[in-house]
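Peer 1: Got a structure for you, written out below as structure tokens; questions coming shortly.
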């Protein structure tokens, strides 16, 4: 009744009844544009306050609690502060690249929203190569980091960008292999097919131990890809000030910050879609009463619940593991994760072909 | 919404970023001086250029990545078809991984995976 897909369908119907198809499409595009901008801003505000509250909770302190009820408006106040800060370009910088880099970061983060299914039948573009699209577009983000780091003409920035480049491209491999495990099980790259295949149980539970290993590898790899602790060498604040965005200030810094948090949301959304069934409710075999209760919860609540659970896990990592050194980081990927995920893919293939999964 | 959504998303990202930067530019007052334009180096005056030759280790890993990334691209069509093809697909991918793994071991033996 009040599901997101119905609202979208009603708007579509109403527009097509009252306007020519071209205008209806244009109005829909404007609505979609405003909606994604709203989602971006909301995600930025929510994730920043969530990060601070979670870290405060883990370290047994209060966290922000002055602005608004229980400090919930803190990130809004921070945004206002960043808005009135001067966004300067250092004298020796490559002006063009320096100013373009935040745009690239934002465009990549925004483009990754296209194939994500936020609720039942609620997706911007359900393209048939969804998984390939995600891995292709997400690897562009390293370019924005290298651009920012190199153009700043600052030693900290360049060092941070180089570290980040080596790290992101390395961990992309094991993330890709972990994602391929699910593609092998489903036999399709389309996001909606992958979700549909999890109707009677999420892949994490259906695929035995190899899928659990793939999930763990995926979580480790995306933590590294989004430059979050314990893999935050790129902006290790105690050694590199702020890494690749040392020279950025004001709104340009805020854009990098926002893109980073939205990327965390996106990788968690992808993890939730591939391994935890996306918007699919939690079903157990043929317990019809239980499944009925679970179906009653809206699909968007399921999707955001799973995604925010994964985000919470990634925030939890930050206060649990110490930061790795660059050689340890590359060792972990090339000597452990990559061979393990290659072997794991073979196991998953065997399970998929023999039909041993549930 | 189809492929039109990509145009919408790119335009939305540009509009959002440009809007934020423009608003900030209007409401802030910019001052210029020589010290301010210097790159940050923990407060001491900047020494030497930053665009210098860099540790070769990073490039070695980039080269290795290139090999494995191409391999990953080959795996996508295979992964979609694997279930339909059956056991033959498994045999093929074992041969493929075997060849790849030999290359990986060669790189390891040559010390390309060691951080210098």
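Note that Cβ sites are derived from N, Cα and C of the backbone, with glycine treated the same way.
TrEMBL entries are annotated by machine, without manual review.
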Peer 1: Any idea which of A:66-86, A:171-191 is down as transmembrane segment in TrEMBL?
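Peer 2: In TrEMBL, the transmembrane segment feature sits at A:171-191.
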Peer 1: With pairs restricted to those 6 or more apart in sequence, evaluate whether the transmembrane segment (A:203-224) and the transmembrane segment (A:96-118) have 3+ C-beta pairs under 8 Å.
Peer 2: no
Peer 1: Of the listed stretches A:130-150, A:171-191, A:253-276, A:337-356, which one has the most C-beta pairs under 8 A with the transmembrane segment (A:23-49)?
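Peer 2: Per the Cβ under 8 Å count, A:253-276.
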Peer 1: So what's near the transmembrane segment (A:337-356) in sequence-distant terms, Cβ-Cβ under 8 Å and 6+ beyond its ends?
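Peer 2: Residues packing against the transmembrane segment (A:337-356) from afar: 171, 173-174, 177-178, 180-181, 184-185, 187, 207-208, 210-211, 213-214, 217, 220-221.
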